[in-house]
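**Q** This structure is in structure tokens; I'll ask about it shortly.
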């Protein structure tokens with residue numbers, strides 16, 4: 001003990017005489033007065049001075065916080081570990097954020113959860129590791145009381161938000177895999193952002209109470225880091241500790257286990273049903289064997305997700321609950337510091353499990369950071385395919401997607417047109433079912449489709465068309481030439497019989513015009529992307545609507561209508577069939593000039 005220059009606050013703790021602030025701080029740290037005194041006596045410390053001690057000491061210096069007399073190598077070891085965790089975590093999460101910001105194919109609503117997880121882990125490493133490392137090198141807390149509170153608040157906020165985000169990811173995958181049809185179009189970008197906002201507010205709600213007297217932010221372990229006070233054996237502190245672990249640790253853990261259990265069971269049940277449908281030939285046996293491999297891989301990844309969550313936060317929970325139960329005398333400074341380091345290390349494996357193992361993230365990182373291609377084991381063949389897919393997303397393509405229902409015009413049996421719109425984004429499956437990494441879907445596009453249908457009950461002379469219906473795709477190439485191709489297998493087109501004396505204007509209204517009964521009208525779906533290419537010529541759409549006569553603009557650049565006029569255009573889009581009664585069917589489609 002120091003005599004003369006310091007006065008005793010409690011047994012074994014001393015403060016400088018000229019620093020009255022130390023007395024107030026040490027007295028406020030009741031968590032470290034009684035319980036830590038007994039805990040430190042359990043540590044077998046080698047003699048470092050002529051007078052050996054194993055209790056907290058404060059040297060005559062400008063630092064008001066007490067220190068723990070432990071070997072220097074203990075501080076340096078923890079400092080080196082936390083520095084490694086911080087650098088690795090910041091690099092890994094930065095790669096995930098960078099790949100998301102550069103790649104258009106990754107900007108899906110479901111991937112917003114992965115990005116939020118990367119942001120919280122990055123901020124956790126950025127705010128905790130440098131300060132923890134600095135104080136470990138000084139072997140004491142050097143940033144004052146306000147610095148301790150701010151440090152502990154950031155650790156609590158980002159740590160809680162990370163755990164809640166893990167739960168949100170598990171719930172999102174649960175609905176997509178177990179209820180695929182019901183989940184189509186449900187998760188939009190706006191809803192995903194709203195969910196993340198709720199997660200941040202929820203985390204903030206559990207991080208602010210120590211500022212208002214419910215528990216407190218105090219130094220912990222080797223007194224080189226800070227956290228909330230879980231050592232004080234008072235009703236207020238114990239209530240906060242118990243509620244915090246129920247609503248922040250135990251409930252998310254139960255939800256994660258529940259979701260991944262039913263995800264595994266759903267995929268296993270589906271594979272068994274498919275196996276019963278198929279025969280017992282050699283090919284089906286190979287497929288069954290491959291499904292079993294995928295199931296086992298999925299089970300291992302789900303197990304890793306749960307185990308890493310438990311390993312990261314269970315030690316911290318165990319220490320806090322031990323103090324909550326009144327057995328804080330058994331806790332040593334090392335037992336308080338090591339769980340904090342393990343919890344912060346979760347920022348390393350989260351981006352690996354949820355993002356970097358995903359094929360599209362690896363390809364995006366390898367594309368934009370070529371020096372990491374060999375480290376990520378990305379072959380050049382896959383990289384070229386990924387580059388081609390990126391180029392294809394920058395073209396205006398007419399397509400029909402089962403998961404995209406936005407902007408669809410549908411005509412009811414009463415003859416009225418109705419606009420039905422769905423979610424403005426897509427929710428898709430992952431590239432590999434067994435990967436269980438983030439959901440990936442193609443970037444959503446603004447799609448407009450017009451379907452002309454006719455209730456067969458109103459038309460007694462209806463005869464189905466023998467030719468297969470199709471849709472036209474309008475593809476813009478780098479040369480600026482538009483070409484028309486047949487639709488994919490997934491395209492769904494509706495061809496109906498147009499009622500006599502009725503046709504559609506470009507506004508969707510029904511107008512009376514003389515049209516032959518047997519005419520079949522088809523209007524293709526047009527996908528309009530917001531991105532333009534510098535190689536494409538400027539396109540100005542014009543519309544030509546005729547209420548009296550109906551004309552068809554074919555694929556020829558110039559064609560005479562019923563009145564002898566000539567319709568010209570650089571490119572014309574039409575699927576209508578000519579009829580012997582009238583000249584041609586009206587072209588209610590844009591002409592690109």
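One-based numbering along the chain as shown.
Glycine too: its Cβ is placed from the backbone N, Cα and C atoms.
Pulled these features from Swiss-Prot for this protein:
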- 414-449: compositional bias 'Polar residues' (COMPBIAS)
- 148-226: disulfide bond (DISULFID)
- 344: N6-(retinylidene)lysine (MOD_RES)
- 1-77: topological domain 'Extracellular' (TOPO_DOM)
- 134-150: topological domain 'Extracellular' (TOPO_DOM)
- 213-243: topological domain 'Extracellular' (TOPO_DOM)
- 322-336: topological domain 'Extracellular' (TOPO_DOM)
- 78-98: transmembrane segment (TRANSMEM)
- 113-133: transmembrane segment (TRANSMEM)
- 151-171: transmembrane segment (TRANSMEM)
- 192-212: transmembrane segment (TRANSMEM)
- 244-264: transmembrane segment (TRANSMEM)
- 301-321: transmembrane segment (TRANSMEM)
- 337-357: transmembrane segment (TRANSMEM)
**Q** Counting other Cβ atoms within 10 Å of each residue's Cβ, which of the disulfide-bonded residues 148, 226 comes out lowest?
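**A** Ranked by other Cβ atoms within 10 Å, the disulfide-bonded residues 148, 226 bottom out at 148.
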**Q** Taking the transmembrane segment (337-357) as the reference, which of 113-133, 151-171, 244-264 gives the largest number of Cβ pairs under 8 angstroms?
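**A** Answer is 113-133, with the largest number of Cβ pairs below 8 Å.
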**Q** Could you check whether the transmembrane segment (244-264) and the transmembrane segment (151-171) come into contact, where contact means at least 3 Cβ pairs under 8 Å with the two residues of each pair 6 or more apart in sequence?
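**A** Contact confirmed: at least 3 Cβ pairs fall under 8 Å.
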**Q** Give me the Cα-Cα distance between residue 344 (N6-(retinylidene)lysine) and residue 226 (disulfide bond), rounded to a whole Å.
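**A** Cα-Cα distance, residue 344 (N6-(retinylidene)lysine) to residue 226 (disulfide bond): 13 Å.
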**Q** Look up residue 344 (N6-(retinylidene)lysine) in the DSSP assignment and report helix, strand or coil.
**A** helix
**Q** Count up the helix, strand and coil residues in the topological domain 'Extracellular' (213-243) according to DSSP, in that order.
**A** 9 helix, 8 strand, 14 coil
**Q** Cβ pairs under 8 Å only, please: of the recorded stretches 78-98, 192-212, 301-321, which one is richest in them relative to the transmembrane segment (113-133)?
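**A** Selected stretch: 78-98, with the most Cβ pairs under 8 Å.
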**Q** Counting by DSSP secondary structure, give me helix, strand and coil numbers for the topological domain 'Extracellular' (134-150).
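**A** Per-class counts: 12 helix, 0 strand, 5 coil.
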